[in-house]
Amino acid sequence: MKKLASLGCASILTLAIVSGGTSFAAGEIEVIVNNNAAGQGTSAYLANGTTMVPLNVVRQIPGISVSWDNKSKTVTVMSGSKRIRLAAGQKTAFADSGKITLSMPATLEKGRIMVPLRFIAEVSGAYVTWNSQSRTVYVAKADNKLKERLASGNLTDARRAALQLPRVSMIRNLEPTPSSLEGQSFTYYFLEGEYKRFLIGGGDLLSYYEVVNERSQLIWTARLVGSAETDSLLFLKETKASEESGVRPLLNSRLAYFHVMPHIGAASYGFIGPDGTVTELGTKDVTMNEEVVDIPEEQK
(Lines of atoms letter the chains of each structure in order from A and count residues from 1; the text may use other names and numbers.)
(Lines give C-alpha, C1' and ligand atoms only; values in the text may rest on other atoms or scores of the structure.)
Protein backbone atom coordinates (compact mmCIF):
# COMPACT_ATOMS: atom_id res chain seq x y z
CA MET A 1 0.00 0.00 0.00
CA LYS A 2 2.86 2.39 0.82
CA LYS A 3 4.42 1.75 -2.59
CA LEU A 4 1.15 2.52 -4.38
CA ALA A 5 0.70 5.74 -2.40
CA SER A 6 4.27 6.83 -3.18
CA LEU A 7 3.83 6.15 -6.88
CA GLY A 8 0.53 8.03 -6.83
CA CYS A 9 2.31 11.05 -5.36
CA ALA A 10 5.06 10.64 -7.97
CA SER A 11 2.52 10.72 -10.80
CA ILE A 12 0.93 13.91 -9.48
CA LEU A 13 4.35 15.54 -9.08
CA THR A 14 5.43 14.44 -12.56
CA LEU A 15 2.34 15.92 -14.19
CA ALA A 16 2.63 19.12 -12.16
CA ILE A 17 6.22 19.58 -13.30
CA VAL A 18 5.27 18.84 -16.91
CA SER A 19 2.54 21.47 -16.86
CA GLY A 20 4.86 24.09 -15.41
CA GLY A 21 3.63 24.38 -11.86
CA THR A 22 0.80 25.99 -9.93
CA SER A 23 -1.71 28.43 -11.43
CA PHE A 24 -1.08 31.94 -10.13
CA ALA A 25 -3.18 35.05 -10.45
CA ALA A 26 -2.41 37.40 -13.32
CA GLY A 27 0.60 39.58 -12.59
CA GLU A 28 1.98 37.37 -9.82
CA ILE A 29 5.41 35.80 -10.05
CA GLU A 30 5.90 32.11 -9.40
CA VAL A 31 9.20 30.86 -7.99
CA ILE A 32 10.15 27.20 -8.47
CA VAL A 33 13.15 25.84 -6.57
CA ASN A 34 14.31 22.37 -7.66
CA ASN A 35 10.87 21.42 -9.02
CA ASN A 36 9.05 22.67 -5.91
CA ALA A 37 6.85 25.75 -6.08
CA ALA A 38 7.81 28.23 -3.37
CA GLY A 39 4.08 28.67 -2.80
CA GLN A 40 1.48 31.36 -3.26
CA GLY A 41 1.71 34.46 -1.15
CA THR A 42 5.49 34.76 -1.47
CA SER A 43 5.00 38.40 -2.55
CA ALA A 44 7.80 38.04 -5.09
CA TYR A 45 8.03 41.00 -7.47
CA LEU A 46 10.22 42.46 -10.20
CA ALA A 47 12.16 45.68 -9.64
CA ASN A 48 14.47 47.00 -12.35
CA GLY A 49 14.70 43.50 -13.82
CA THR A 50 15.54 41.92 -10.45
CA THR A 51 13.30 39.36 -8.75
CA MET A 52 12.86 40.23 -5.09
CA VAL A 53 11.74 37.51 -2.67
CA PRO A 54 11.34 37.06 1.11
CA LEU A 55 13.88 35.05 3.10
CA ASN A 56 11.64 31.97 3.31
CA VAL A 57 12.08 31.50 -0.46
CA VAL A 58 15.87 31.83 -0.31
CA ARG A 59 16.02 29.27 2.49
CA GLN A 60 14.62 26.64 0.11
CA ILE A 61 17.78 26.74 -2.02
CA PRO A 62 20.06 23.79 -1.13
CA GLY A 63 23.38 24.71 0.45
CA ILE A 64 22.31 28.12 1.71
CA SER A 65 21.70 29.34 5.25
CA VAL A 66 20.30 32.81 5.86
CA SER A 67 20.00 34.87 9.02
CA TRP A 68 18.44 38.27 9.72
CA ASP A 69 19.68 40.75 12.31
CA ASN A 70 16.76 43.02 13.04
CA LYS A 71 18.88 45.45 15.05
CA SER A 72 21.35 46.19 12.25
CA LYS A 73 18.82 45.39 9.50
CA THR A 74 21.37 43.05 7.92
CA VAL A 75 20.98 39.74 6.07
CA THR A 76 23.87 37.27 6.31
CA VAL A 77 24.07 34.54 3.66
CA MET A 78 26.29 31.49 4.16
CA SER A 79 27.11 28.92 1.47
CA GLY A 80 29.99 26.61 2.30
CA SER A 81 32.93 28.84 3.13
CA LYS A 82 31.32 31.88 1.47
CA ARG A 83 29.73 34.60 3.59
CA ILE A 84 27.93 37.66 2.25
CA ARG A 85 26.16 40.45 4.12
CA LEU A 86 23.42 42.68 2.72
CA ALA A 87 22.07 45.69 4.59
CA ALA A 88 18.52 46.89 3.94
CA GLY A 89 18.49 49.87 1.61
CA GLN A 90 22.16 49.57 0.58
CA LYS A 91 23.24 48.61 -2.96
CA THR A 92 26.59 47.33 -1.72
CA ALA A 93 26.99 43.79 -0.36
CA PHE A 94 30.03 42.71 1.62
CA ALA A 95 31.79 39.41 0.91
CA ASP A 96 35.04 37.99 2.26
CA SER A 97 36.61 38.92 -1.08
CA GLY A 98 35.42 42.53 -0.94
CA LYS A 99 32.49 44.76 -1.87
CA ILE A 100 29.85 43.79 -4.46
CA THR A 101 27.50 46.25 -6.15
CA LEU A 102 23.90 45.04 -6.31
CA SER A 103 21.37 45.80 -9.04
CA MET A 104 18.78 46.16 -6.27
CA PRO A 105 19.31 46.43 -2.51
CA ALA A 106 17.57 44.34 0.12
CA THR A 107 14.38 46.18 1.05
CA LEU A 108 12.00 46.21 3.99
CA GLU A 109 8.41 45.76 2.78
CA LYS A 110 5.67 45.91 5.41
CA GLY A 111 8.01 44.60 8.08
CA ARG A 112 9.43 41.83 5.87
CA ILE A 113 12.89 41.86 4.30
CA MET A 114 12.97 41.27 0.52
CA VAL A 115 16.25 40.22 -1.12
CA PRO A 116 17.52 39.86 -4.73
CA LEU A 117 16.94 36.19 -5.59
CA ARG A 118 19.44 35.72 -8.43
CA PHE A 119 22.34 37.27 -6.53
CA ILE A 120 21.86 35.07 -3.47
CA ALA A 121 21.08 31.90 -5.46
CA GLU A 122 24.20 32.25 -7.59
CA VAL A 123 26.32 32.57 -4.45
CA SER A 124 25.54 28.89 -3.85
CA GLY A 125 26.22 27.90 -7.46
CA ALA A 126 22.53 27.58 -8.37
CA TYR A 127 21.27 28.27 -11.89
CA VAL A 128 18.55 30.91 -12.19
CA THR A 129 16.39 31.69 -15.21
CA TRP A 130 13.30 33.79 -15.87
CA ASN A 131 10.40 32.63 -18.06
CA SER A 132 8.69 35.83 -19.17
CA GLN A 133 5.77 33.96 -20.77
CA SER A 134 4.70 32.20 -17.58
CA ARG A 135 6.19 34.84 -15.25
CA THR A 136 8.13 32.11 -13.48
CA VAL A 137 11.60 32.13 -11.95
CA TYR A 138 13.34 28.76 -11.91
CA VAL A 139 16.15 28.04 -9.46
CA ALA A 140 18.03 24.81 -10.18
CA LYS A 141 20.80 23.18 -8.18
CA ALA A 142 21.41 19.43 -8.45
CA ASP A 143 22.94 17.73 -5.43
CA ASN A 144 26.23 15.84 -5.63
CA LYS A 145 24.57 12.41 -5.51
CA LEU A 146 22.52 13.17 -8.61
CA LYS A 147 25.63 14.45 -10.40
CA GLU A 148 27.50 11.26 -9.55
CA ARG A 149 24.66 9.08 -10.82
CA LEU A 150 24.51 11.01 -14.10
CA ALA A 151 28.21 10.32 -14.64
CA SER A 152 28.13 6.73 -13.32
CA GLY A 153 28.15 5.01 -16.70
CA ASN A 154 25.09 2.99 -15.66
CA LEU A 155 22.37 3.84 -18.18
CA THR A 156 19.41 2.97 -15.95
CA ASP A 157 20.74 4.92 -12.97
CA ALA A 158 21.66 7.89 -15.18
CA ARG A 159 18.11 7.93 -16.57
CA ARG A 160 16.60 7.84 -13.11
CA ALA A 161 18.87 10.72 -12.09
CA ALA A 162 17.94 12.71 -15.21
CA LEU A 163 14.26 12.45 -14.29
CA GLN A 164 15.02 13.77 -10.79
CA LEU A 165 17.11 16.74 -11.94
CA PRO A 166 15.73 20.24 -11.42
CA ARG A 167 13.64 21.21 -14.46
CA VAL A 168 13.47 24.61 -16.08
CA SER A 169 11.42 26.07 -18.91
CA MET A 170 11.88 29.12 -21.10
CA ILE A 171 8.93 28.37 -23.38
CA ARG A 172 5.17 28.74 -22.98
CA ASN A 173 4.00 26.05 -20.59
CA LEU A 174 0.84 24.03 -21.21
CA GLU A 175 -1.37 22.53 -18.51
CA PRO A 176 -3.06 19.14 -18.93
CA THR A 177 -6.82 19.10 -19.38
CA PRO A 178 -8.25 18.05 -15.97
CA SER A 179 -10.33 15.24 -17.47
CA SER A 180 -7.18 13.74 -19.04
CA LEU A 181 -5.59 13.14 -15.63
CA GLU A 182 -7.95 10.34 -14.62
CA GLY A 183 -5.94 7.24 -13.71
CA GLN A 184 -2.73 9.21 -13.16
CA SER A 185 -0.60 6.90 -15.32
CA PHE A 186 2.32 8.42 -17.20
CA THR A 187 5.08 7.35 -19.58
CA TYR A 188 8.79 8.09 -19.86
CA TYR A 189 10.49 7.82 -23.26
CA PHE A 190 14.26 7.83 -23.78
CA LEU A 191 16.17 7.66 -27.04
CA GLU A 192 17.73 4.22 -27.19
CA GLY A 193 21.05 4.08 -25.36
CA GLU A 194 20.71 7.67 -24.08
CA TYR A 195 19.78 9.47 -20.88
CA LYS A 196 20.21 13.14 -21.82
CA ARG A 197 17.15 13.34 -24.09
CA PHE A 198 13.75 12.18 -22.90
CA LEU A 199 10.02 12.76 -23.15
CA ILE A 200 7.27 12.55 -20.57
CA GLY A 201 3.69 11.77 -21.50
CA GLY A 202 1.03 12.51 -18.90
CA GLY A 203 -2.64 13.41 -19.26
CA ASP A 204 -3.02 14.86 -22.75
CA LEU A 205 0.48 16.39 -22.80
CA LEU A 206 3.76 15.18 -24.25
CA SER A 207 6.90 17.10 -23.24
CA TYR A 208 10.49 16.84 -24.45
CA TYR A 209 13.49 17.62 -22.20
CA GLU A 210 17.24 17.79 -22.65
CA VAL A 211 19.80 17.53 -19.85
CA VAL A 212 21.90 20.70 -19.89
CA ASN A 213 24.57 21.35 -17.26
CA GLU A 214 22.94 19.15 -14.60
CA ARG A 215 19.40 20.43 -15.13
CA SER A 216 16.61 19.26 -17.42
CA GLN A 217 15.35 21.96 -19.78
CA LEU A 218 11.91 21.82 -21.37
CA ILE A 219 12.44 22.19 -25.13
CA TRP A 220 9.00 21.35 -26.48
CA THR A 221 5.54 20.49 -25.19
CA ALA A 222 2.31 19.60 -26.99
CA ARG A 223 -1.31 18.78 -26.33
CA LEU A 224 -2.25 15.53 -28.04
CA VAL A 225 -5.58 14.43 -29.47
CA GLY A 226 -6.69 11.25 -31.18
CA SER A 227 -6.67 11.42 -34.95
CA ALA A 228 -7.31 9.06 -37.85
CA GLU A 229 -4.27 10.61 -39.49
CA THR A 230 -1.03 10.16 -37.56
CA ASP A 231 1.20 13.23 -37.27
CA SER A 232 4.29 12.30 -39.28
CA LEU A 233 6.59 14.11 -36.83
CA LEU A 234 5.33 12.17 -33.82
CA PHE A 235 6.02 8.54 -32.92
CA LEU A 236 2.56 7.81 -31.47
CA LYS A 237 0.12 6.25 -33.91
CA GLU A 238 -3.27 7.86 -34.53
CA THR A 239 -2.21 10.93 -32.59
CA LYS A 240 -1.60 14.54 -33.52
CA ALA A 241 -0.71 17.76 -31.70
CA SER A 242 -3.57 20.23 -31.37
CA GLU A 243 -1.41 22.80 -29.58
CA GLU A 244 2.33 23.03 -29.05
CA SER A 245 5.10 25.25 -27.74
CA GLY A 246 8.85 25.25 -28.35
CA VAL A 247 10.87 23.41 -30.99
CA ARG A 248 9.87 19.89 -31.97
CA PRO A 249 12.60 17.28 -31.50
CA LEU A 250 13.75 15.17 -34.43
CA LEU A 251 13.12 11.61 -33.29
CA ASN A 252 14.58 9.32 -35.92
CA SER A 253 15.73 6.43 -33.73
CA ARG A 254 14.06 3.82 -31.57
CA LEU A 255 12.74 4.88 -28.15
CA ALA A 256 12.80 2.92 -24.91
CA TYR A 257 9.54 3.50 -23.04
CA PHE A 258 8.42 2.95 -19.45
CA HIS A 259 4.67 3.18 -18.85
CA VAL A 260 4.10 3.69 -15.13
CA MET A 261 0.83 2.47 -13.60
CA PRO A 262 0.65 3.76 -9.99
CA HIS A 263 -2.63 1.97 -9.26
CA ILE A 264 -0.84 -1.41 -9.47
CA GLY A 265 2.70 -0.29 -8.56
CA ALA A 266 4.17 -1.48 -11.84
CA ALA A 267 5.63 -0.30 -15.14
CA SER A 268 5.49 -1.93 -18.56
CA TYR A 269 8.49 -1.35 -20.80
CA GLY A 270 9.72 -1.92 -24.32
CA PHE A 271 10.52 -0.08 -27.54
CA ILE A 272 8.74 2.23 -29.96
CA GLY A 273 10.12 2.41 -33.49
CA PRO A 274 10.27 5.61 -35.58
CA ASP A 275 7.16 4.37 -37.41
CA GLY A 276 5.23 4.03 -34.15
CA THR A 277 5.47 0.25 -33.87
CA VAL A 278 5.34 -0.76 -30.19
CA THR A 279 7.24 -3.80 -28.89
CA GLU A 280 6.34 -4.50 -25.26
CA LEU A 281 8.96 -6.59 -23.48
CA GLY A 282 7.49 -7.02 -20.02
CA THR A 283 6.14 -5.54 -16.80
CA LYS A 284 7.95 -5.07 -13.48
CA ASP A 285 7.01 -3.92 -10.00
CA VAL A 286 8.52 -0.49 -9.40
CA THR A 287 8.94 2.01 -6.58
CA MET A 288 9.07 5.80 -6.50
CA ASN A 289 12.06 7.24 -8.44
CA GLU A 290 12.90 3.77 -9.80
CA GLU A 291 10.21 3.55 -12.47
CA VAL A 292 12.88 3.22 -15.17
CA VAL A 293 14.16 -0.37 -15.32
CA ASP A 294 16.91 -2.25 -17.13
CA ILE A 295 16.12 -3.40 -20.66
CA PRO A 296 18.63 -6.15 -21.53
CA GLU A 297 17.71 -5.96 -25.23
CA GLU A 298 18.65 -2.28 -25.49
CA GLN A 299 21.63 -1.20 -27.59
CA LYS A 300 23.90 0.86 -25.33
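Count begins at 1; order follows the chain as displayed.
Backbone N, Cα and C define each Cβ position, glycine as well.
Heads up, TrEMBL stuff is auto-annotated, nobody curated it.
Noted in TrEMBL for the protein shown:
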{"type": "SIGNAL", "residues": "1-25", "note": "signal peptide"}
{"type": "DOMAIN", "residues": "33-139", "note": "domain 'Copper amine oxidase-like N-terminal'"}
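Model confidence over the domain 'Copper amine oxidase-like N-terminal' (33-139) stands at 92, taken as the mean pLDDT rounded to a whole number. Secondary structure of the domain 'Copper amine oxidase-like N-terminal' (33-139) per DSSP, as helix, strand and coil residue counts: 11 helix, 53 strand, 43 coil.
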